[in-house]
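According to Swiss-Prot:
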type: DISULFID; residues: 36-93; note: disulfide bond
type: DISULFID; residues: 43-87; note: disulfide bond
type: DISULFID; residues: 44-74; note: disulfide bond
type: DISULFID; residues: 94-108; note: disulfide bond
type: SIGNAL; residues: 1-19; note: signal peptide
């Protein structure tokens, strides 16, 4: 009788182990990726479209792409939420960092960060 229980347990054990979930795979929908495809991640207190800032951009010698944002008073963010680099304003990905007067970052795109 004991040998039948032992054999049944030995046969069932590999089946149970093979059906166990393993770590890794695809991230769930709540995973936040704080990575820019192009450029660097910044926290900008103000963003303006170039049509609102053409006069200021021309005076400061800053060339901006049409449709992109200009970032004002920006600070770099290494990883959101780590090391005290939290962004109370709008996090943006910027292609160029040119410190020409008031404009800190050029060609910025806002990113959505749901924490």
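Along the chain as shown, the residues are counted starting at 1.
Placement of Cβ uses the backbone N, Cα and C atoms for every residue, glycine included.
Most Cβ neighbours within 10 Å among the disulfide-bonded residues 43, 74, 87, 108: this distinction goes to 108. The most densely surrounded of the disulfide-bonded residues 44, 93, 94, judged by C-beta neighbours within 10 angstroms, is 94. For the pair formed by residue 43 (disulfide bond) and residue 74 (disulfide bond), distance between Cα atoms is given as 5 Å, rounded to the nearest Å. A 10 Å radius around the C-alpha of residue 87 (disulfide bond) takes in these disulfide-bonded residues out of 44, 94, 108, in sequence order: 44. The CA atom of residue 94 (disulfide bond) is located 10 Å away from the CA atom of residue 44 (disulfide bond). For residue 74 (disulfide bond) paired with residue 108 (disulfide bond), the C-alpha to C-alpha distance reads 11 Å. A separation of roughly 10 Å, to the nearest angstrom, links the Cα atoms of residue 44 (disulfide bond) and residue 108 (disulfide bond).
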